[in-house]
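What Swiss-Prot records for this protein:
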COMPBIAS  30-51  compositional bias 'Low complexity'
REGION    30-87  region 'Disordered'
COMPBIAS  52-61  compositional bias 'Pro residues'
CARBOHYD  Asn86  N-linked glycosylation site
DISULFID  Cys115-Cys572  disulfide bond
DISULFID  Cys132-Cys528  disulfide bond
CARBOHYD  Asn140  N-linked glycosylation site
REGION    172-178  region 'Involved in fusion and/or binding to host membrane'
DISULFID  Cys206-Cys270  disulfide bond
REGION    257-264  region 'Involved in fusion and/or binding to host membrane'
DISULFID  Cys363-Cys411  disulfide bond
CARBOHYD  Asn397  N-linked glycosylation site
CARBOHYD  Asn429  N-linked glycosylation site
REGION    469-491  region 'Disordered'
COMPBIAS  475-484  compositional bias 'Pro residues'
CARBOHYD  Asn488  N-linked glycosylation site
DISULFID  Cys595-Cys632  disulfide bond
CARBOHYD  Asn673  N-linked glycosylation site
REGION    882-903  region 'Disordered'
MOTIF     888-891  motif 'Internalization motif'
Amino acid sequence: MRQGAARGCRWFVVWALLGLTLGVLVASAAPSSPGTPGVAAATQAANGGPATPAPPAPGPAPTGDTKPKKNKKPKNPPPPRPAGDNATVAAGHATLREHLRDIKAENTDANFYVCPPPTGATVVQFEQPRRCPTRPEGQNYTEGIAVVFKENIAPYKFKATMYYKDVTVSQVWFGHRYSQFMGIFEDRAPVPFEEVIDKINAKGVCRSTAKYVRNNLETTAFHRDDHETDMELKPANAATRTSRGWHTTDLKYNPSRVEAFHRYGTTVNCIVEEVDARSVYPYDEFVLATGDFVYMSPFYGYREGSHTEHTSYAADRFKQVDGFYARDLTTKARATAPTTRNLLTTPKFTVAWDWVPKRPSVCTMTKWQEVDEMLRSEYGGSFRFSSDAISTTFTTNLTEYPLSRVDLGDCIGKDARDAMDRIFARRYNATHIKVGQPQYYLANGGFLIAYQPLLSNTLAELYVREHLREQSRKPPNPTPPPPGASANASVERIKTTSSIEFARLQFTYNHIQRHVNDMLGRVAIAWCELQNHELTLWNEARKLNPNAIASATVGRRVSARMLGDVMAVSTCVPVAADNVIVQNSMRISSRPGACYSRPLVSFRYEDQGPLVEGQLGENNELRLTRDAIEPCTVGHRRYFTFGGGYVYFEEYAYSHQLSRADITTVSTFIDLNITMLEDHEFVPLEVYTRHEIKDSGLLDYTEVQRRNQLHDLRFADIDTVIHADANAAMFAGLGAFFEGMGDLGRAVGKVVMGIVGGVVSAVSGVSSFMSNPFGALAVGLLVLAGLAAAFFAFRYVMRLQSNPMKALYPLTTKELKNPTNPDASGEGEEGGDFDEAKLAEAREMIRYMALVSAMERTEHKAKKKGTSALLSAKVTDMVMRKRRNTNYTQVPNKDGDADEDDL
């Protein structure tokens with residue numbers, strides 16, 4: 001009803017303005033043609049008789065019930081005509097009834113209404129102006145700084161050191177040309193606490209033995225199957241990115257080669273390895289980068305109540321050392337600061353790490369976002385924290401969330417204050433002030449919001465009011481708990497969802513809701529104010545046209561009249577358009593100079609009912625009276641609403657009909673200025689990154705596999721090949737034999753081992769040389785050459801035995817047999833036979849030579865037999881020398897030159 005009233009009021013104002021405008025335009029455009037007595041008009045008698053033509057117009061005049069020709073419309077409205085042309089009106093235009101039928105055919109839904117005068121039985125009044133609503137807004141909008149925390153899914157990481165000994169026992173069968181492993185036993189043994197502290201950390205050495213328990217039996221493994229010694233730790237061959245390592249040996253010990261026997265060899269490799277360790281909430285165990293689990297809390301110890309932490313091992317397997325100075329096994333440098341060192345022995349290894357207290361080393365929450373501008377608004381029973389920077393809205397309760405309920409949440413307050421102070425100093429220090437202390441709220445999805453309210457410096461006087469409001473939101477019991485109560489207070493771990501989409505959707509909904517509510521609020525306010533303004537116009541317009549105002553108000557056609565400050569209304573009766581006939585003249589024949597201001601009509605309530613005379617009112621109203629009279633004026637032009645169109649009367653006579661489309665429409669609507677929803681781009685926002693999700697697990701399988709596959713490369717020499725030596729057993733036996741004889745035996749052993757080694761090397765060299773084809777050929781040639789030399793030596797010995805002089809002096813004997821010197825032959829002839837003295841001397845010399853040879857043989861045999869034989873030989877030598885000195889004289893040398901010439 002209010003909407004209809006508003007439309008009616010606007011139409012009334014517009015039509016009033018339009019009527020005044022058209023009147024002015026018509027008056028200014030109409031030509032002045034006074035003295036037009038022959039105006040052609042068809043009038044109808046008061047009893048409703050047929051219309052008759054006016055006299056001075058020649059020809060028959062159209063009657064009132066003449067039907068207009070169908071589909072005959074003027075192309076353009078005819079211009080105003082002077083009064084003298086009234087005779088041509090009937091001939092130049094179609095009859096009124098034909099035009100009316102055209103209008104009725106085009107607008108079959110146009111109805112007419114007969115409105116009886118109201119009697120006052122029903123009266124109405126207008127509603128008083130209403131109080132317009134205010135725009136819906138959130139309560140207590142507050143700006144501030146926020147730090148959003150999420151669940152910390154990252155594990156607690158720390159450095160640990162592993163001490164263990166790799167024990168390898170290999171069984172080898174040696175053949176003549178090959179070796180075969182019959183079995184390899186590998187095990188890992190822990191390093192005792194004393195060895196870790198007194199040997200490895202103090203001196204950088206490790207024992208060559210491994211003592212450990214397997215199957216409840218204590219066993220000991222000896223490196224190289226030898227006595228216990230200290231072995232130097234050396235850096236590993238290949239270090240990883242996150243750890244270092246040291247070990248004592250690169251090569252596996254294999255037993256000495258003894259063909260056709262099974263031999264065993266033991267290798268003990270002491271390994272010290274720095275590894276990364278991880279532990280996740282509730283920190284009851286941790287795992288090493290090698291994949292080994294330790295079922296003890298990394299915070300277990302004997303200090304500050306840490307003995308209450310979880311452990312699955314016996315007490316004698318754990319040791320805590322205060323004032324421990326770690327040593328770098330590569331540089332041998334000692335740490336400058338002492339630490340508290342935890343040591344734990346497991347069946348496979350010993351692990352050590354620096355002990356730290358649980359608080360504040362770990363925290364179950366971590367900082368996610370720092371928001372410079374966070375708007376907090378109150379909707380119903382919740383707070384909504386919205387930020388355009390991250391396109392997110394968080395919903396929380398109105399009460400703060402106490403940090404004491406967060407298990408291991410010591411880092412929250414410190415990190416939040418540091419971030420807020422940094423943001424405030426950078427951005428708000430000169431324009432805003434802080435309101436109270438940071439507040440903490442638990443949002444949906446497991447996000448903890450640390451919020452610092454801010455106030456502009458211009459609103460500083462409102463600080464007290466805001467502070468009081470904040471105090472009302474504090475928990476019911478803000479007093480600090482008594483000592484010891486925190487231990488009994490229930491704590492919880494906040495679980496944060498891995499998706500932020502719900503907060504993004506909440507932000508989108510709030511963004512749209514805020515825009516729509518603001519828009520609808522403005523529309524509601526404008527509508528209410530417009531209604532109040534129009535109500536004043538309606539109150540004034542009802543005095544001018546109560547029928548139109550009443551019809552627009554009640555939403556249907558009624559008749560009304562003012563009864564003081566109220567209106568009396570009556571319901572109008574609809575009349576079909578086919579039962580209404582308009583007459584073609586508006587002049588009153590009985591009263592010259594008087595004319596009707598509205599066209600006259602005849603109508604029937606029903607199709608076969610009696611004809612009723614009346615007058616056409618406004619908006620297709622059929623008035624039962626004909627009292628709308630005005631003085632006739634010159635240049636009269638009027639447009640009257642008739643059915644679905646208009647009828648045009650000129651000089652109080654019908655001219656032609658027009659449709660509504662032929663009249664220019666002036667809009668009375670007020671444009672509604674609605675701001676379109678602005679574009680908003682969502683930025684990618686992740687609660688947990690891929691790296692955080694990947695790193696959240698307790699065990700990094702990639703790191704474990706990488707370390708396991710690098711173990712042999714780091715702590716073993718995979719390139720060196722040891723060939724089995726058959727003489728190794730002999731050398732090992734000789735070495736062990738001489739080692740048991742003390743220092744002198746070791747000295748002698750070195751000499752003997754050197755000689756034996758040389759012999760073995762020579763034999764090995766010969767064997768290697770013989771195995772070469774070229775060497776075998778060379779040896780064959782040498783053998784043939786040796787046989788040839790032996791043959792010639794044998795021949796020489798045989799000749800020496802048969803004829804020594806000929807063998808010793810072949811040339812001399814040859815010259816004696818065949819003399820070539822003539823002088824010698826002559827002298828021989830003169831001299832005759834050989835000199836007997838010289839022959840005797842020669843015989844004597846030969847005899848003494850034989851004697852000397854016999855004496856030397858006797859002395860040599862006496863040396864072999866003993867001391868008595870040696871004395872006998874000496875006495876014999878003295879006798880022979882004495883005898884030789886008395887009987888032997890030197891042969892004169894005076895004939896030497898002659899003898900030489902003779903020879």
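Here the Cβ of each residue, glycine as well, is placed from N, Cα and C on the backbone.
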Do me a favour and check the Cα-Cα span between Cys132 (disulfide bond) and Asn429 (N-linked glycosylation site); whole Å is fine. 41
Based on Cα distances to Cys206 (disulfide bond), point out the closest of the recorded positions Cys115, Asn397, Cys572. Asn397
Could you give the mean pLDDT over the motif 'Internalization motif' (888-891), rounded to a whole number? 51
Under a three-state reduction of DSSP output, how is Cys206 (disulfide bond) classified: helix, strand, or coil? strand
Of the recorded positions listed as Cys115, Asn397, Asn429, Cys572, the one whose CA lies nearest the CA of Cys595 (disulfide bond): Cys115
Out of Cys363, Cys411, Cys632, the disulfide-bonded residues in the record, which is closest to Cys270 (disulfide bond) when you go by Cα distance? Cys363
If you tally other C-beta atoms within 10 angstroms for each of the disulfide-bonded residues Cys132, Cys528, Cys595, Cys632, the top scorer is Cys595
Rank aside, I only need the closest one: which of the recorded positions Asn397, Cys411, Asn429 has its C-alpha nearest to that of Cys572 (disulfide bond)? Asn397
Tell me which of the recorded positions Asn429, Cys528, Cys632 ends up closest to Cys411 (disulfide bond) in space, Cα to Cα. Asn429
Tell me which residues of the chain lie with their Cβ under 8 angstroms from that of Asn397 (N-linked glycosylation site), as long as they are six or more apart in sequence? Gly381, Ser382, Phe383, Tyr441, Leu442
